[in-house]
Amino acid sequence: MTAADAHHGSTSAMRSNPVVKDIWRTSVSNWKRFISIAIITMLGVAVLTGIYAGCRDTLLSADRFYESSHLFDIQVVSSAGLTDKDLTALSSVAGVKSLQPEISTTVTVPMHGTPHAATIRQLGGRGLNTVSVQQGTLPTHSHEIAVTQRFLIDSGLSLGNSIVASSTDAMTNQPTTTRYKIVAVVLDPMNIANPEGYSSGTFRSQDNESYDMFIPSNVTTNDVYSALSITVSGANSLDTFSDAYSSRVQQVIDRINDTVAKDREQAREQELAQELAQGLAQSGTMDSSQQSSLAQASQTTSATAKTSSTAQISTTVQWHLLTRSSLESYSNLKGDITSIESIGRAFPVLFLVVAILMSLTAMTRMVEEDRGLIGTYLGLGYGRLTIAAKYVSFALVACVLGGALGNVLGFVGIPAFLISVLEGLYTIPNTYVAFDALYGIGGFLLFALGVTGSTMIACRGEMRHMPALLMRPKSPKTGSRVLLERWSWLWKRMSFLNKVTVRNLFRFKSRLVMTVGGVAGCTALILCGFAINDTIQTLGAKQYGGVDKYDLMSIAVSDADAAGMRKQLIDDGQMVHSIQLRVEGADLLNADGQSESVRLVVVPDGQNISDMVDFRPAAQGFGRIFGFSTSPSARQRLTLGNHGLLVSQSAANALGISAGDSVSLRSDVHGQRSVHVRDVYRNLIGSDVYMSASLYESTFDMQQKDFVTNAIMATLRGNDNQQVAYAKNIGKSSQVAYASSTVSLRRGFAFDLMSAVVTLIVALAGSLALVVLFTLSSTNVSERIREMATLKVLGFTDREVHTYINKEMLLLASFGTLLGLPLGRVLGGMLTGVLTMSGMFFEVEIRWTSYLIASGITMLFAVLVLLFTNTVLNRIDPVSSLKSVE
């Protein structure tokens, strides 16, 4: 190295030291800007990572629970049960890792004097679908049984109590009873819904839902299994909610369908035909009609794998291959998380835009204040990159600090909050918190890039000038005529200071745009939160009284009890109008196999249900966003007809189906059939499917004489309290399984999950609004210090100076608030439009009070910031501020 190079290096080192010192001094003297940028970055990173991390942590916890429980990947059920031959055939399919036969029996158990359906399942002997013990120990003897927490809550029983299960013997057709002792409370991985939380509310139907109970695997031996559970090779290492997992499972399903399914269905039909022929030959009672149906005779079991393997005669044997998506709690959890994630994807974009605008405003003013210093540095020979590094490093350090705090809040604070709320819907034994490097680092880099990019733009605007020009003070912005002056009748009546205020608003156009835009964005975010809250709060009133016109729904315990229930209701004389129906539990499946638990309502031919339920076309497209239907026939009522189902909007939205689609309807009584969707009707709470009796009979191959109604919809006499009391009284009858008043449903509807998310959104949006207003106000004062000093020299009191500045900021905040209200309406409609949650449809609604509250919050923050700004104005020294910068 030459002496010249050494001298140049030492000179560069000497030059860099003052720059480093100046960076530190600048950070200290501009601590308000530093804190503002850090807080904006913190909020943005927290919003970007927090909602996502909370959702992913919940799914991760559920995935690990499913893994530890070895929950099935595929479950095969058949309309004629399954045998060891089926098990052997399935074990030879490539990709099948393990199999476990499932044996279950449908029974009834008494609860408060009323029989309720229950499913007793034998604990798997091959380690699949393992239940998690919450209390007690698993049953080991034939007289012991394990139950779920939901059964204990509904029955009022506890560990050590006994229950009596009643069923009908398949061979003798005689009733049998068995007494069991409750020895354990378990969590079934097939149903992780929290029975003690708000999942037991009214928006997800649990009408006639069976209780699951468990006995040891060695209690009984069956030649016919209810189902066969399968795990897929390599699937356990994949995220159960991922596309990769679904693809892996679907590959094996396709192999089963292509290789063994059809062969085993045909073989089973032949076996059943032979068994039936032998039985009839032995009894000597075969007649011609039985011979003609011999080739198609079969033994049926429930297609849901929840009923027993009791033999009944059917026409064909059909396999159904179910995945985890057929489990209601699995689908509900995935749908709920998807809805929350959709909110988490939209809000960070707005936070990023606001962060960039505020950073550009703050750093532009900071660079302008150092205009003379920048000219001095350039005159001394410092490079433009070296000078710009001072401001870039200032912004970058603020981003690093804000990003670090944002990641802590986003990966620890917000997930803990969301998980605690989700525990009200689902029971997951262990929850995990994980750091996602892509989101954690990527989110920070995204905001850092936006903030530092804004800083570079601000530096470039000043450094393009010559040093001599930079070292001279910048000429103040010139005033100009404004549009308001053209309205002479108004302009002449304005005071001098009001005229100055109007001209100042338009003299600083960049400040006008930044302030109005920033305040509008924050107001829109706050109003968006209230929009989601109002949408949820008004669902009950819209559904019960708007869509459902009836006052009472009563369902009999069994078909045999239906006549007695009807007689009691008629004898009571409380019904004004009524209609008889058939109601049963069912599952609706789309083409991808995703299922939704629905309430199937069958309307007898000739009955007019339009007086009980208001069937209107569901809003589509922009109608969903803005809360109205764009269809010309929106005001026309839909009719049932005999050519398809009327599907509720909530079920259709959850499954992604529409009018004209073909779906599978899996009845708890008659198995699974393919059916056409005629129309989707407006429905907000619950997932109901309506069909005519003629369509019901043809779909499930029934005779008209076999159709029996088991439920009544009715309008009642009396006021609301009397109707609620009457429904409670009817529900106590031993012949009534379910009786509900729409008044009590409307009063009791609550959904705390989205309300909690709304609270989080409003809190974050409010914090952002406060920081934005603080940044803008501080920038406004700093760039007009000489102007304020001049006013003080001219004799303005502190109060008059406050009014001079605050009037402008309040006007700009008002303009921003007014602009933010319609923006928030659009944003709220878009967000509620993408929410997809099982059992609910979000129809956007914003109360007028929400507009007032959102505006009030923004203006309140503006006033608080101005009170802080007033203290800064009081400290302005006219002498030092008016010193010449020459």
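Even glycines carry a Cβ here, placed using N, Cα and C.
Annotated features, as they stand in TrEMBL:
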type	residues	note
TRANSMEM	34-54	transmembrane segment
TRANSMEM	346-367	transmembrane segment
DOMAIN	346-452	domain 'ABC3 transporter permease C-terminal'
TRANSMEM	388-417	transmembrane segment
TRANSMEM	437-459	transmembrane segment
TRANSMEM	512-532	transmembrane segment
TRANSMEM	753-776	transmembrane segment
DOMAIN	760-868	domain 'ABC3 transporter permease C-terminal'
TRANSMEM	809-828	transmembrane segment
TRANSMEM	848-873	transmembrane segment
Item to check | Beyond the flanks of the transmembrane segment (753-776) by at least 6 residues, Cβ under 8 Å | outcome: 32-33, 36, 39-40, 43, 46-47, 51, 198, 336, 339-340, 343, 347, 351, 354, 358, 361-362, 414, 417-418, 421-422, 424-425, 511, 514-515, 518-519, 521-523, 525-526, 528-530, 532-533, 536, 809, 813, 835, 857-858, 861-862, 864-865, 868
Item to check | Among 34-54, 346-367, 388-417, 437-459, 848-873, stretch most in contact with the transmembrane segment (809-828) (C-beta, under 8 angstroms) | outcome: 848-873
Next on the checklist: If I count Cβ-Cβ pairs under 8 A between the transmembrane segment (388-417) and each of 34-54, 346-367, 437-459, which range comes out on top?
Outcome noted: 34-54
Item to check | Recorded stretch that, among 34-54, 437-459, 512-532, has the most CB pairs under 8 Å to the transmembrane segment (848-873) | outcome: 512-532
Next on the checklist: Averaging the per-residue pLDDT over the domain 'ABC3 transporter permease C-terminal' (346-452), what integer do you get?
Outcome noted: 83
Checklist entry - Taking a Cβ cut-off under 8 Å, which residues six or more beyond the ends of the transmembrane segment (512-532) line up next to it in the same chain? => result 343, 347, 350, 353-354, 357-358, 360-361, 505-506, 754, 757-759, 761-762, 764-766, 768-769, 772-773, 776, 809, 812-813, 815-817, 819-821, 823-825, 827-829, 831-832, 835, 842, 844-847, 850-851, 853-855, 857-858, 862
Checklist entry - What else in the chain is close to the transmembrane segment (346-367), if you only count residues 6 or more beyond its ends and a Cβ gap under 8 Å? => result 26, 30, 33, 36-37, 40-41, 43-44, 47-48, 51, 374, 391, 394-395, 443, 446-447, 450-451, 453-455, 457-459, 461-462, 510-511, 514, 517-518, 521-522, 524-525, 761, 764-765, 768, 771-772, 775-776, 779, 782-783, 827, 830-831
Checklist entry - How does the domain 'ABC3 transporter permease C-terminal' (760-868) divide up by DSSP, counting helix, then strand, then coil residues? => result 90 helix, 2 strand, 17 coil
Checklist outcome for this item: DSSP composition of the domain 'ABC3 transporter permease C-terminal' (346-452), residue counts helix/strand/coil, works out to 88 helix, 1 strand, 18 coil
